[in-house]
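Read the structure below first, then the notes.
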Amino acid sequence: MRAYQSLVDQFTRLNRLAHASTFLGWDQEVMMPPGGAESRAQAMAELHQLQHEMLTAPQLGDWFAEAQQQTLSADEQASLREMHRQWLQASCLPSDLVQAQSLASSRCSHAWREQRGKNDWQGFLSNFKELVNLSRQEAKARMDAADGAFDTPYDALLDLYSSGDTSTSIGKVFDGLKAELPELINTVIERQRRRPHVDLSGHYPVASQEQLSREVMKLLGFDFNNGRLDISSHPFSTGVRGDHRITTRYNEDGFIDALMGTVHETGHASYEAGLPEAWNGLPVGEARSMSIHESQSLLFEKQLLLSQPFVRYLTPMIQRHFPALKEVDNDEFWHAMTHVQRGFIRVDADEVTYPMHIVLRYEIESKLINGEMEAEDIPDAWAEKMHDYLGLDTRGNYKDGCLQDIHWPSGAFGYFPSYTLGALNAAQLFAAMHRDMEDLDAHLGRGDVTPLRQWLGEKIWSKGSFLSSEELMTQATGETTNPEYFIRHIRSRYLEG
């Protein structure tokens, strides 16, 4: 068992360094003054290089060869498999590329925070072009090392976030959504026009919105003894076992977007908190994939929060924090929270139009990484696709167009498809949950999410990375990801209710 135990010890040490990286990144987004950007970039690059060197140390290859000959339990075999997967992913990248990427992503992320508000695409571009070049180098290195496993460089990056999916498989799913959703969007919006518009515009103080967010987070099972809520320019969730950090952003003209964003991140944090404690610190104890991770956040935000029983329960709570809304009834709140409209901002999009935002990003980033498009071409491509898919004009409006997300400035190419794959999985999981628990809506109507959390804990969270994404979905729902559940959900909620 010595080789296997040596690997466990090494990956446990790596996890502790990842702990430090996590909170340096959180501090950079939430607390760090602008003047600290360059020194922070240097520090994080040094730490990332150290992690990479530990993960690719020469002796690991010998340890894996020896451990694969040992007699291991089923759990240990799964643990060895996941350690080996991470080792293979890292060992194909030279250390100097890893350091250069870390430095470039820190600088580009800082530039994005400075230049997005100024609508300064040209100012952002110089940092971004360097990051794109390095990301292409990474994709090529991963593709070359995979010995024919990937058809395109982009597939090699996609595998980091959504293992098992390819441009071909995702393209088929997205082509199906492109065929269904534009007409569905038109039909839903036209149906909405036939009912009175619920106007919730007004003044919603940040302090009251934060109090509501915290109360809803507690209701959903978030433990503030082991976590916190802060403000950042882009909502996100991060942390480690026992310390889960959520950020959101507020707009005093409305409360719904902040509430939904906070619930979304609470879904992420709940998944992380529910991972198997016995395997904490090892790859097999981590979340399975980003498409599964996004299924949890979107299940909380879209399936749970927007369900009619749960909105009925929340109505008095919302009115308590915002007394001006005391005359708004349950149905009016629900209609306001499920209002569908075409908009520029992905994170503020409703669940009907949201997939088109992802299709747009997928089509651009895949061409960018595959060398079929240059960074300079992004604004024109973005404007064309926004017009075609959602009928909106983003020409010259970079801050609400191609500068709106942190993903590309941080180098996370290949991540975006996980959002829509997550939405498909969320609809499928929620349908399976209702099959297993006929009284689920009654529990949600009382504000009781315990059965939902227990079901997810048993079927998803406690499994860590022991199963593949396909196996996880099959065990939980009886079949692999099936887009029909999402389409059925949209038709049921917006056209049949």
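Placement of Cβ uses the backbone N, Cα and C atoms for every residue, glycine included.
Bear in mind that TrEMBL entries carry predicted annotations, made automatically and left uncurated.
If you draw a 10 Å sphere around the CB of His268 (Zn(2+) binding site), it holds 24 other CB atoms from the protein chains shown. According to TrEMBL, the Zn(2+) binding site annotation covers His264, His268, Glu294.
According to its DSSP assignment, Glu265 (active site, proton donor/acceptor) is helical. The active site, proton donor/acceptor annotation in TrEMBL covers Glu265.
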Glu294 (Zn(2+) binding site) versus Glu265 (active site, proton donor/acceptor) - Cα distance in angstrom: 9
Neighbours of His264, His268, Glu294 excl. site residues, C-beta within 8 Å of centre, Zn(2+): Ser237, Glu265, Gly267, His293, Gln296, Ser297, Leu298, Phe300, Glu301, Gly422
Cβ neighbour count within 10 Å of Glu265 (active site, proton donor/acceptor): 26
Nonlocal neighbours by CB distance (under 8 Å) for Glu294 (Zn(2+) binding site), same chain, sequence gap 6 or more: Ser418, Tyr419, Leu421, Gly422, Ala423, Asn425, Ala426
Other CB atoms within 10 A, centred on His264 (Zn(2+) binding site): 24
